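A.B. asks: Before I ask anything, let me first share the structure, which is written out below as structure tokens.
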Amino acid sequence: MLIGLTGTPGTGKTSVSKFLERKRHWKVIHLNEMIKEEHLYTEVDEVRDAVIADMELVRQRLEEIIGGKENEVIILESHLAHYIADIVIILRVYPPELKMRLKARGYSEEKIRENIEAEALDVILVEAFEWCKKVFEINTTGKSIEETEQHIEKIIDHILSGNEEELPEYKPGSIDWIDLVP
């Protein structure tokens, strides 16, 4: 079962997925790393300091990796995961906290602004609704990696047992920061 762990850069995807990998021994595919390492991109955007993924090549490579493992929990970690996985968990964070996290990473002011706007406008959530069958949201604001991991585990365990309707606290659209948009 492929489960996407997605969200705006800086919401905690990589940190929490590495924790899940160690704790639950679930296979985690760090998609952004794979795209760069295996040259699964069409071009490099120097201005935005990013690569433009070739999604067809990415899908082909994932089929090679995942083929025959449909009964295993496989987590696809990336801000692009919602374009591939049918089930996604979106990590969200309060935009002012996101700004601090991205500054600490050394992001440019332009890239920080772009990501804060994307978070406040629910860009990934809207895209996930277009692409995915099941969508869940977790507010990671002020939460430790361990706390976030517990929320993810709860969601996945409920999905595996077929009880995801018992998860109203992760209902998409319950997190709203639109008032923060200038």
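Backbone N, Cα and C atoms are what each Cβ position is placed from, and that goes for glycine too.
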A.B. asks: In Swiss-Prot, the ATP site includes G10, G12, K13, T14, S15, R105. Which of K143, K154, K171 does it also list there?
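C.D. replies: For the ATP site that includes G10, G12, K13, T14, S15, R105, Swiss-Prot also lists K143.
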A.B. asks: Can you say which of 30-53, 78-101 is given as region 'NMP' in Swiss-Prot?
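C.D. replies: My reading of Swiss-Prot: the region 'NMP' range is 30-53.
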A.B. asks: Which range, 16-26, 104-114, 115-125, does Swiss-Prot list as region 'LID'?
C.D. replies: 104-114
A.B. asks: Far apart in sequence but close in space: which same-chain residues, 6 or more away, have a Cβ under 8 Å from K13 (ATP binding site)?
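C.D. replies: Expected: L5, T6, G7, E77, S78, H79, L91.
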A.B. asks: If you count the other Cβ atoms within 10 Å of each Cβ, which of the binding-site residues R105, K143 comes out on top?
C.D. replies: K143
